[in-house]
Amino acid sequence: MEDDEIEAESRSDSRAGAEDSNGEAAGRKPKLSRKNIFTLVSAASVNFSSMICYSILGPFFPTEAEKKGVNQTVTGLIFGCYALCTLLGSLVLGKYIVQIGAKFMLCAGLFLSGGCTVLFGLLDRVPHGVPFILMCFIVRSIDAVGFAAAMTSSFAIIAKAFPNNIATVLGILEIFTGLGLVLGPPLGGFLYQSFGYEIPFIVLGFVLILMVPLNIYVLPSYDATPSKDSFWRLFTLPKISLLCFLIFSMSSCFGFLDPTMSLFVIEKFHLPTGYVGLVFLVLALFNSLSSPLLGIVSDKMPNTRRWLMVIGGITAALGYCFLGPAPFLHLKSQLWLFVFMLALTGFSIGMTCIPTLPEVVKCAYENGFEDDLSTLGLVSGLYGAVWSFGTFFGPTVGGFLVEKFNFEWAAAAQGGLIFISVLFLGIYYFVEPCFRRPATTSVEENEERAPLLSNHI
């Protein structure tokens, strides 16, 4: 009965979109359907709850691991294996999203991730040494696969439900992602101080599990046929390769700060440990709060996406050079400059990353990929894999550079990586018109034939 109602809504939305395209209803503003509202609620719940469970480890797990005889290197690998397993999970699940089913994949991923979060809270009962380390790797890796399933299917569903407003919706969802990342550490730290190691994981794990029946109820089902296209064909498109390089560099710079920034702030500015969390908050807040506006600009003026990415990338590169600041700038480290650069970097990361997903989707359609859920699964899987590789590369290589040199040089090197990726993308956009062939049908014409065309925000 519910599927019939959703199908009827889709048909009425398509008729409304056809009227608008023929000019018969030019004054009518497109409305969000119930299906779209439910999809937004589902995606927001996934982003918020998943990010809370992901971020609660930071304040207290390293201390608990040390009590279990785990050194800092192995603790870092326990954190890092999450990104690697998310990378592999995103690629595999993105390829087979149609066979598995987007709705089932999302709900199963939430349940798996929530269950692993609860299990991680029980690991303090495991014996010291090797058994504890092995169980941490196993549970954390399975948790990452569940997270990859939920986020890959969520991205694909969003792109399917809002084909003309992908960046806007991603910008809105970034608020919930940032909220989860911001609330996770203090909430986890408070529960740890009040009730011990187990309670933070058990409470937040069950919150994640409770999202499963909500999504089973509100999330519409999307049918599609398996595609013969592959990740390799998608990735080897020159424009998408350059966009992936940009995504990788931005996620790397984001992850670089996790293991390095707190020590630098404490040593350089002599801040109490409690204030370090507020410094982290600056980056997340400016990134989350600016994302909705940047998403709207990206969707309303698609031609500005390339400039948003290029200007945002250059700004982020400069921000990392001034974060230390880099020794070749011959400037003194000051707290106000550090905080200002964090705010600027948070804004510029949003400016760069928000337009990338719709640009990848657009490029895939322009190069013959089918306009269906299978292609969107490939795109979201590739996006998640590249982002995860960056979040593994940034902390690992960044930590090595800080140890061998110092934070100032490591941050400057990170800024150099961003600048190189933006430079290549800027050159491509500059020479692209010389090699562009006239297309018989535009992306906009393809979207006009899509059943969800009129579902604008």
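In case you wondered, yes, glycine gets a Cβ from its N, Cα and C as well.
Sequence annotations record features per position, and here TrEMBL assigns compositional bias 'Basic and acidic residues' to 8-18.
TrEMBL lists 39-433 with the feature domain 'Major facilitator superfamily (MFS) profile'.
Feature annotation from TrEMBL assigns region 'Disordered' to 1-28.
The transmembrane segment feature in TrEMBL is assigned to 37-57 (among others).
Per TrEMBL, transmembrane segment is recorded for 77-97 (among others).
Long-range neighbours of the transmembrane segment (104-123) within the same chain, counting only residues 6 or more positions beyond its ends whose Cβ lies under 8 Å from a Cβ of the stretch, are 42, 46, 49-50, 53, 93, 97, 132, 135-136, 139-140, 142-143, 145-154, 157, 197-202, 204-209, 211-212, 215-216, 219. If you look up TrEMBL, you'll see 104-123 (among others) marked as transmembrane segment.
For 129-159 (among others), the entry in TrEMBL reads transmembrane segment.
Summarising the annotation, TrEMBL assigns transmembrane segment to 166-187 (among others).
The transmembrane segment annotation in TrEMBL covers 199-219 (among others).
Look at TrEMBL and you will find 240-257 (among others) tagged as transmembrane segment.
Annotation source TrEMBL lists transmembrane segment at 307-329 (among others).
Under 8 Å from some Cβ of the transmembrane segment (335-354) lie the Cβ atoms of residues 167, 170-171, 174, 246-247, 250, 253-254, 265, 269, 271, 279, 282-288, 290-291, 294-295, 298, 308-309, 311-313, 315-316, 319-320, 322-323, 325, 422, all in the same chain and six or more residues away from its ends. Positions annotated as transmembrane segment by TrEMBL: 335-354 (among others).
For 375-397 (among others), the entry in TrEMBL reads transmembrane segment. Long-range contacts of the transmembrane segment (375-397) within its own chain (CB-CB distance under 8 A, at least 6 residues past either end) are made by residues 76, 79-80, 83-84, 86-88, 90-98, 102, 148, 151-156, 159-160, 227, 229-231, 234-235, 240, 244, 247-256, 258-260, 356-357, 360-361, 364-365, 369, 414.
Annotation source TrEMBL lists transmembrane segment at 409-431 (among others).
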Margin query: Before we move on, state whether the transmembrane segment (37-57) and the transmembrane segment (409-431) share at least 3 Cβ pairs under 8 Å, counting only pairs 6 or more apart in sequence.
Written below: no
Check: Ranking 77-97, 166-187, 199-219, 409-431 by Cβ pairs under 8 Å to the transmembrane segment (129-159), which is first?
Finding: 77-97
Check: Given the model, what does the mean pLDDT over the domain 'Major facilitator superfamily (MFS) profile' (39-433) come out as?
Finding: 84
